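Per TrEMBL, the features are:
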DOMAIN    B:330-420  domain 'Histidine kinase/HSP90-like ATPase'
TRANSMEM  B:20-40  transmembrane segment
TRANSMEM  B:52-71  transmembrane segment
TRANSMEM  B:120-149  transmembrane segment
TRANSMEM  B:161-185  transmembrane segment
Amino acid sequence: MRAVIAEDSVLLRVGLVKVLEMGGFQVVAEVGDAPSLLAAVEQHRPELALVDVRMPPAFTDEGVRAALEIRRSRPGTAVVLLSQYVEERYAADLLSADTSGVGYLLKQRVADVTEFVETVRRVAAGGTALDPQVVAQLLLRRSSDPLERLTPRERDVLALMAEGHSNTGIAESLTIGESAVAKHINNIFAKLDLPVADTGHRRVLAVLRFLGTSQA
Amino acid sequence: MIRPGPRRPALRARRLRRDAGFLAVGVPLHLALVPVWSWAATFTARTGHWKPAFQVAAVLVVLGAPLLTAVQRVRHRAFLGVDVAPPEPDPGPWSWAVAARQVSRWLSSAQTWRQVGYHLLLGPLLAAAELLVLAAAVAGLAGATAYGWAWAVPAPGRRGWLGYATQLPCYTLAGLLLLAALPWLAGATARGESRAAAALLGPSRSQRLQRRVEHLAESRTGLIEAVDAERRRIERDLHDGTQQRLVSLAVNLGLVLATTPDLPAGARTALAEAHLEAKDAIAELNDLVRGLHPAVLEDRGLDAALSGLAARLPVPVRLRVDLDERVPPGVESVAYFVVSEALTNVTKHAGATRTEVTVEQVGPVLRVNVTDNGLGGADPSAGTGLSGLARRVGSVDGSFHVTSPVGGPTTVTAELPCAR
């Protein structure tokens, strides 16, 4: 699969290329700012764009805006955003349209190379990946109300669902059986009055929509 | 410093010339209003009606006073190098509106009446003093040089009061004494005058204090902005430099670990430890830098920035931000700092299991409240964290309270004025 990297730190860009190549991606372009990223996506039509959020000239949310632009103009392109800090506001912007093929992760997650490569593959295949810290921020906003009815275990499962993990992934993370996971998920959907959704990103969408609607 | 030796007489002479010129120019200026009121007096005497004459005189005096004051200011600066501060700050470029405002302010201020007092009442007295000093100079010169001109006085006049051996030595001595005292006399008069001018023509004490307060408020705002800019700069430097470097280091270590399966066990352990260390360093630095001035604070405001802060805490936080619109950047920055420091204290000291952060706008005040259910007993005077917070809040004229009874709960409240 072909990938484009947008990252203004040259040092880190080298590392990112190596990691993606290790994961079987072919890096067709490396750029340092948002306009060049958009041009590279138009030119190469990659399956994946790995994008830093803070880039020149203003060093605020250029990456987020570029990602939204890519998802509008080339909907088939999966986008993984990397950032030193993750912000739920940017996540909300990013997920406002469609949650499939979107990832938003802390840069330090790249250091766990094997897990990172797996996450990127999942997003490239149309999945969703949200950093646990984003999910923690989203949960923060809903600490009153229906979430109080969840048991601690169910909260863990909800968080992992929001991060974009499958039932198998959740079962592995919590070292419980898949049937137990399924039971927890049913309880969560019942307690939160969510429409029953099958697996995949429609479920993530439902969870995120529930978390996201609380925002002021 | 005045140098001893031959320069001193020259310096004294220069000073004397300066003071004498200052006093001489002062005479006509201080007598400028005399024609006005003497005309008013004669007009009254002639017609028996005092009202019209004094109304005209009052208008002339009130309108003439600022002009005279301006001339006096020039005189003080030109001769003595003394700046008599203008009582009102510079009104800015001229326009009818500005002029009208100036006139109405001029008529209603106590400043006006102090100036009128100076020119109308004190002026003639000062002119008299100036004339006395100038007369002393003339008399001194005349006396000191008596032997030089006594012969020219016609004989009949000379005989009665100019005895070459009797009166003339006395005149000469008196003249020399007068001349010797002249620099002191002129200097003292000039100093006294400039003191009177500063007191009556310059700003009053309350005006000076008010101006000082304005100046201090302005410079403090500048200082706070400079501090904020510095924090942003440090945040940016660390983000672009050290943080990227550390992430890159951790990624490279991770790559070696992932791609080299046949490492000796010892090397693998050492690498894994280094990898872990690097990731810890990233997390630690992130926490530190996050407390400085996050980009998202500027970009999306307080509400957006606080959730990132609260979510990093190992203790569950309930966050409620209730703002209709964004508050000024300086206030945002202080509010963010308060929450950041208070939450750091909670994790370090409180042993809490629950924390609540509330930010709300109550009228013209932004109220920031951080409560935890920890051990309490926090002493604002002991820890540097809390006293630093109090100072930072004070820098925007906010108030800061900590209640922390032993056994908890601890509440930190900051109220920040945020009227635009």
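The backbone N, Cα and C atoms fix where each Cβ goes, and this holds for glycine too.
The stretches the transmembrane segment (B:20-40) and the transmembrane segment (B:120-149) are in mutual contact, each linked to the other by at least three Cβ pairs under 8 Å (pairs 6 or more apart in sequence). This prediction places the mean pLDDT of the domain 'Histidine kinase/HSP90-like ATPase' (B:330-420) at 86. Cβ atoms under 8 Å from those of the transmembrane segment (B:52-71) belong to residues 29, 32-33, 36-37, 39-41, 43-44, 106-107, 112, 115-116, 118-120, 201 of the same chain, restricted to positions at least 6 beyond its ends. If you look at the transmembrane segment (B:120-149), the same-chain residues 6 or more away from its ends with a CB under 8 A from one of its CBs are 20, 23-24, 26-27, 29-34, 37, 61, 162, 164, 168, 171-179, 181-182, 185-186, 189, 192-193, 196, 200.
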